[in-house]
Amino acid sequence: MSHQLPDVQASQPDVTVGLSQVGVTGVEKLVKIARDGKRPLVLMAEFEVFVDLPGGRKGIDMSRNMQVIDEVLEAAVSEPAYRVEDMCGDAAERLLAKHEYTTTAEVSMTAELVVREDTPASGLSTQSTAEIIASATATDEGTREEIGAEVVGMTVCPCSQGMSASRARDVLQDLAVDDDTIEEFLDKVPQPGHSQRGHATLTVETQGSPEVDLMDLIDIARDSMSARIYNLAKRPDEDHMTYHAHANAKFVEDCVRSMAELSLEALDHLGDDAVVHMKQSNDESIHQHNAHAEREVTLGQLRDELDA
């Protein structure tokens, strides 16, 4: 005689508190991104998938739910997709439809993207990487999608550089160099300052697909720092990076503000309700701590601030 196993997850919990996110993390899938006239871009992606849980239900049927989640992701990644954020949106909507007790489904994805480029001075072919960030949240009211990336660059501290310039000015004055020549020299030869490896993150979230080019967001994030960095660097390239970084010294706060300004120019086709999340974290070279700044803001509010 067979026995039907009890559905413990559907029972009432001892503490009837609802949960905003229950699901799985670390789900790895191969993702193919279609490209017009080119071979598909294949990414090794890692997903996080969550639904909300009402207070009257003990659990989400984790074992069965994992099968549902796997089926949803497999269906989403097996169909041609041109945008990873749309794929996340499709997965979130499928997940929401399969859970009668949930009101919100969230799917997020990260993956390494290899970018081919040339070194700035020697013109040699090289590669860099960016971490793609994509997510979607589906509710009965619709689906919001997010796309962006985290990139690495170089920053130079303006305060440290200012102290070096002051010392250089004093030495040149002691050598009887006239003030005009000193200022011209300091203007043409940026003085040393302590540098950091910077991590810039930029994402855009809208109702439905953001209709934003991922490579534009990557360029904005890289250009918001003092200088771009490259894996391959001959001596002319090292000189180029070092000079331009010191000629464009920025605090961590400056990087986020540069991201805001560049984003406003590139995203002028989006509505005021689009949300931009900008984040900068710098690995300090002369401290054991790191520097951090960020801002999450609607494009409408950002437009008001920069137009003021």
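Glycine residues also receive a Cβ, built from the backbone N, Cα and C atoms like all the rest.
Among the features that Swiss-Prot reports, region 'Disordered' is placed at 282-308. The site 'May be catalytically important' feature in Swiss-Prot is assigned to Cys157; the stated evidence is sequence analysis.
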Helix, strand and coil counts within the region 'Disordered' (282-308) (DSSP): 9 helix, 10 strand, 8 coil
CB within-chain contacts under 8 A for Cys157 (site 'May be catalytically important'), separation at least 6: Gly193, His194, Ser195, Gln196, Ala249, Phe251
